[in-house]
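According to Swiss-Prot, the protein carries these features:
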{"type": "ACT_SITE", "residues": "His323", "note": "active site, proton donor"}
{"type": "BINDING", "residues": "His137, His139, Lys220, Asp363", "note": "Ni(2+) 1 binding site"}
{"type": "BINDING", "residues": "His139, Ala170, His222, His249, Ala366", "note": "substrate binding site"}
{"type": "BINDING", "residues": "Lys220, His249, His275", "note": "Ni(2+) 2 binding site"}
{"type": "MOD_RES", "residues": "Lys220", "note": "N6-carboxylysine"}
Amino acid sequence: MKINRQQYAESYGPTVGDQVRLADTDLWIEVEKDTTYGDEAVNFGGGKVLREGMGENGTYTRTENVLDLLLTNALILDYTGIYKADIGVKDGYIVGIGKGGNPDIMDGVTPNMIVGTATEVIAAEGKIVTAGGIDTHVHFINPDQVDVALANGITTLFGGGTGPAEGSKATTVTPGPWNIEKMLKSTEGLPINVGILGKGHGSSIAPIMEQIDAGAAGLKIHEDWGATPASIDRSLTVADEADVQVAIHSDTLNEAGFLEDTLRAINGRVIHSFHVEGAGGGHAPDIMAMAGHPNVLPSSTNPTRPFTVNTIDEHLDMLMVCHHLKQNIPEDVAFADSRIRPETIAAEDILHDLGIISMMSTDALAMGRAGEMVLRTWQTADKMKKQRGPLAEEKNGSDNFRAKRYVSKYTINPAIAQGIAHEVGSIEEGKFADLVLWEPKFFGVKADRVIKGGIIAYAQIGDPSASIPTPQPVMGRRMYGTVGDLIHDTNITFMSKSSIQQGVPAKLGLKRRIGTVKNCRNIGKKDMKWNDVTTDIDINPETYEVKVDGEVLTCEPVKELPMAQRYFLF
């Protein structure tokens, strides 16, 4: 029997050659391959295939390659490709991507993807599925940030802080063993993966190393604590020994040295450069030149993404609050003004589109918005398509190349940068099942369901007193994956190898899954998926004009964006 493409898409989701629009943007993705097509496409419901003796095998037990969870007919958007597949989950990890079902009566069922009595099903046909987002720049100021992050499809937070202390409001740092231990205990109750950054400042190695041994997953150097060449060198020395990443917010005022001095202190070692454009902080006015170096892993924070008519105006007040500055002190105002440059913010848009800036993050509650990392990534992509047109690599009128470039900025690339790509960051076999389902019309704006470790943790769902799940008010709510002891199974605390070897999780009584940070020091820009371009970036110190290979990079701020007021009442 044959049905037309429209009927097929309505029943099983789009297939090869079909295109799907992302939210209300001008971006379209095309299905590159379909692993579920043919035989009887697996779906669930009354009169459907996934019944005992049909798509479900009722004879196999869970120990016989039967899945715990099957996502059917998902349109996967990942650095690995844009394709249709079933996703099989067992013990909280992805064990198969292909075709699920009953191999006794169905052709082409992927090994390890047997649907049996033990299997739960999520109908993903008509949905886009991405890996959970990874935000590497979070100020741990308010635990309510977690719900906001989950709503935008973010499942991992790396950062520092102890609450609304002045040090935490300004710097992503949890300072010293005592504070690190307390935050490790506190984050036990959060339904999100966590890695804590220690303070990368000390006159000797010992005060830095003791933080790594206490459970820090990396180090942060920040100008508000003194981003001196000596601090940079010592932190990188510790990082090389402990195999953790160092993130840097360099010296805006150029007091301890200029960009060249910072690069000299880094000395070719790998480092993660936060808000590399500079509005969030860093050597004024040329910090963005770091983005072109092969050992620098550059990221943006979301308040400058993308460049709009409001971007400049909102930054000054944000900066004064976050860095404990006073409006009546001229030097404080001058410090703030030096960081806000329309020319470099405009160029930042284009550097993302060229694959020179590799990652996105939020700077949550400290000049950034915890729930807008994914949203602003795709707003930037849409703005660039409208202003620069399709990329040369695109085919068939789709935006697949650009889509893979931009989705990598908040999934696989931050995972690689922070040494956690063996656990999270992509939809691949062996990865922890942190998955986000999106309705295409709400893509990047409001996640339909967020799966943590194979269990639904957050979902758009209706009135809990209703007779069915859909009556209004439909809103994002925490689900069973966040309740009781299950929260320990569905979330990972990432820690340094040395702290795990020294028994810190047991000493602190941690119950969550523990993930080891590793492979941070043998990487570089070349490892940033779809965003590995190195080049010379020249910034004029007087006009702030940005050039790459002699070409001036600039674009106009926009007055309107997609994925904005159409989706939000407030």
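Counting begins at 1 with the first residue displayed.
From the backbone N, Cα and C atoms, a Cβ is placed for every residue, glycine too.
What Swiss-Prot annotates, mapped onto the structure for a quick look.
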| residue | record | Cβ neighbours (10 Å) |
| --- | --- | --- |
| His137 | Ni(2+) 1 binding site | 32 |
| His139 | Ni(2+) 1 binding site | 27 |
| Ala170 | substrate binding site | 23 |
| Lys220 | Ni(2+) 1 binding site | 29 |
| His222 | substrate binding site | 25 |
| His249 | substrate binding site | 25 |
| His275 | Ni(2+) 2 binding site | 26 |
| His323 | active site, proton donor | 21 |
| Asp363 | Ni(2+) 1 binding site | 30 |
| Ala366 | substrate binding site | 25 |
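Listed in sequence order, the residues His137, Thr171, Thr172, Ile221, His222, Ala247, Ile248, Ser250, Phe274, Gly280, Gly281, Gly282, Asp363 complete the 8 Å Cβ shell around the Ni(2+) 2 site centroid, once Lys220, His249, His275 themselves are left out.
Other than His139, Ala170, His222, His249, Ala366, the residues of this chain whose Cβ falls within 8 Å of the Cβ centroid of the substrate site are, in sequence order, Ser168, Lys169, Thr171, Thr172, Val173, Lys220, Asp224, Gly281, Cys322, His323, Asp363. DSSP assigns His137 (Ni(2+) 1 binding site) to a strand. Same-chain residues with CB within 8 A of the center of the His137, His139, Lys220, Asp363 CB atoms, the Ni(2+) 1 site residues themselves not counted, are Val138, Gly159, Gly160, Thr171, Thr172, Ala247, His249, Phe274, Thr301, Ser361, Thr362, Ala364, Ala366, Gly368. Only His323, from the recorded positions His137, His275, His323, place their Cα within 10 Å of the Cα belonging to Ala170 (substrate binding site).
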